[in-house]
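Undergrad: First the structure, which I've put down as structure tokens, then a few questions once you've had a look.
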Amino acid sequence: MAILEIKEYGEPVLRGKALPVKEIAPEILNLIKDMAETMYADSGVGLAAPQVGVSKRIIVIDGEEDGLIVLINPLIIESEGELEEEEGCLSIPGIYSLVKRSSKVTVKALNEKGDPTEVTKEGLAARALQHEIDHLDGILFIDRIGRMERQIALNKFKKKKQ
Ligand code: ZN
């Protein structure tokens, strides 16, 4: 296992549309293990493959009491409620903003064995699921906030990078 380098805002891979996984080959399983290790090493609650430079539809989530949740080709099939809470991203370190999300979501996906699976989550895990699935379509949380707020957040991020 290995801790992978996290791609930060500005890297093109974060803006691409990730490709579906067609076969869960050994290198995919290795990638998933490394993604989980990387997520926990950075105290993240979720990580999407594009964040480690791999444009494939794979996410890992810390499911709290359920432990690690691995979702391949995930799709939100149900969502309800609305909740605005502070959100951050390992690819935009140090930046936090209030983001409106559904409060509860159900996601359909394949697990690492290739079996169909469904996960329903509320609270932080529901937020993480929506955030990470956004990454697979090249969407970042700062795209979901107001234009002014985004400008302030990005200026702050650029200053930190200097
Ligand atoms: Zn993120």
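Positions of Cβ are set from backbone N, Cα and C atoms, glycine also.
For reference, TrEMBL lists these features for the protein:
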- Glu132: active site (ACT_SITE)
- Cys89, His131, His135: Fe cation binding site (BINDING)
Undergrad: Does DSSP put Cys89 (Fe cation binding site) in a helix, in a strand, or in coil?
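TA: The residue in question, Cys89 (Fe cation binding site), is coil (DSSP, three-state).
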Undergrad: If one measures from the C-alpha of Glu132 (active site) to the C-alpha of Cys89 (Fe cation binding site), what distance in angstrom results, rounded to a whole number?
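TA: Each residue's Cα considered, Glu132 (active site) and Cys89 (Fe cation binding site) end up 9 Å apart.
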